[in-house]
Amino acid sequence: MHPRFRGLRVQVMALSQRCLLYLKVQLFIFNLIFWLGGCGALGVGVWLSLSQGRFSALSLSFPSLGIAGLFLAAGAVVMAVGFVGCLGASTEHRCLLLTFFVILAAIVLLELGGFVVFYACRDKFDRYAQDDLKSGLRRYGTPGDPALTQAWDTVQTEFRCCGVQNFTDWFEIQNATALPESCCLEHGTPCHSPTATWWKEPCYEKVKRWVGENIWAMGIFAACIGVVQVLGLISSMLMYCQVLQAEKYCE
């Protein structure tokens, strides 16, 4: 080979190595942030399960699948994917890099699909959640469901609300003339009449409003994770191509 072409090849290889090193560091940092985000989501899930676990019995259909469970599952998956990405970036292993890209791309598509489905069917989810909660009122106070009874008492006391859609839910479902003590403005006195003695606001709308007022923190966290995911996809594919090109030059 002519010395001029040999020198040009050496320069190209040196430039390729520098680009590979830059992508390696960048991808490792992105995946480290991604992994730490998974740790954060896992921690939030543990905190929610410990602090808000008393609300988990409200739903009869999915008693174990609440916000805490979603955070725990998402945190575990994110940590596993971040670990694969860090390992692939540090070892420059093409198989690990491609595996990380495919898994992360699948997660991003699932997230987008889930968001689209939830947004398109939000009214149906809304009605289903209310019907599910109202069906739980029938089992309030029964000996076999002390957790559900305690959960409803806690929600109505802390949020100062009564019923799912209205306080009349208790009258319609239980065929009763009195409300639970947790609906009363003054505990210890039965809520018969007048209506001024119990909370007027429905629990579903009040909790929904409270979630809407505090969802900005979750939105910021989700946006940051989304940016890291997109950058991770770009960096992993660029590094995969760079490793492949470097291997060809070394042959």
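Cβ from N, Cα, C; glycine included.
Features of the protein shown, as given by TrEMBL:
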- Cys162-Cys184: disulfide bond (DISULFID)
- 21-47: transmembrane segment (TRANSMEM)
- 67-89: transmembrane segment (TRANSMEM)
- 96-120: transmembrane segment (TRANSMEM)
- 215-241: transmembrane segment (TRANSMEM)
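A simple way to gauge crowding: the CB of Cys184 (disulfide bond) has 20 other CB atoms within 10 angstroms, across all the protein chains here. Other C-beta atoms found within 10 angstroms of the C-beta of Cys162 (disulfide bond) number 26, with every protein chain shown included. Panel annotation: around the transmembrane segment (215-241), residues 20, 23-24, 26-27, 30-31, 33-34, 37, 40-41, 78, 85, 88-89, 92, 94, 97-98, 100-101, 104-105, 107-108, 111 of the same chain, lying at least six beyond its termini, place a Cβ under 8 Å from a Cβ of the stretch.
Within its own chain, the transmembrane segment (67-89) is flanked in space by residues 24, 27-28, 30-32, 34-46, 48-49, 52-53, 56, 96-97, 99-100, 103-104, 107, 225, 232, 236, 239, which lie at least six positions past its ends and keep a Cβ under 8 Å from the stretch.
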